Amino acid sequence: MLKKQQSKLVVANWKMHGCLTSNDVLLHAFTQRAVTLEPQVRLAVCVPYPYLAQAQNRLTSTSIEYGVQDVSAHTHGAYTGEVAASMVAEFGATLAIVGHSERRIFHMESSELVAAKAQRALESGITPIICVGETLDERQAGKTNSIVYTQLAAVLDRLDDEADVARLIVAYEPFWAIGTGQIPAVQQIKQVYGAIRAQLMEKAVNIHVPLLYGGSLKPDNALELFSQSDIDGALIGAASLSAVDFLEISAAVSIALSENQDDSK
Ligand code: PGA
């Protein structure tokens, strides 16, 4: 039997935003609030590289996890501007987003490159959050499932060991929903989730890989999404730059989890 994830993970993706002062304000608010949430709510923040030491300083003795938004596909060497997963791990980071659509589209990252990045993260003890998702044109052409399948297959094909599959997190983020205020219907998300789940089962039958959703998540749509038991969490961009919004979203997760627990009694 596939073991269901009992917790939900809420990841702030700060993208290229922030400064030491504003980060401090946000991290302070997040840590204050984290202790009031259901223990199964996991909060995490993925920061720009220069702020990794700040995240380490502020978050090490808290329950909030932290990580980065990309890692190199290489272990080390003459790759100017690149940052290795092992370097990130030295700062206590546990998560790395890989294959975000802003990197696939604006930096031409192929699924094979993303897969190599995921592998480098795993080798350094970092959990890769693999982003997959279609553009609007691809959705309208009926290609959503095949695009997502190909993106994820590149990663799964590289992993021989089920133990590595068990350490993955997958985030479904339709590109057309990112930063646009448009959000897919719950049924559309579930349909893609069903396909991803089937693909993961082909590779590792007994493993529950957490599936996150990302794209225009806000306090007013969070509860509906998190109430779906198959949505294991979220990747949050714009709303994670506002302490009020991010904490309201986290509170919605907490409510959804406590309602789920009541239902299962
Ligand atoms: P958004 O971004 O919440 O601003 O839409 C999500 C993401 O890109 O991860």
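For all residues, glycine too, the Cβ spot is worked out from N, Cα and C.
What you are looking at is a predicted structure, and each value in this text was computed from that prediction instead of being measured.
When TrEMBL records Asn13, Trp14, Lys15, Gly179 as binding substrate, the matching candidate from Ser7, Ser146, Ser216 it lists for that site is Ser216.
Other Cβ atoms within 10 Å of the Cβ of Lys15 (substrate binding site), summed over all protein chains shown, number 19. Glu173 (active site, proton acceptor) and Ser216 (substrate binding site) are 10 Å apart (CA-CA, integer value). If you take the C-beta of Gly179 (substrate binding site) and look for same-chain residues 6 or more apart in sequence within under 8 angstroms, you find Ser216, Gly237, Ala238.
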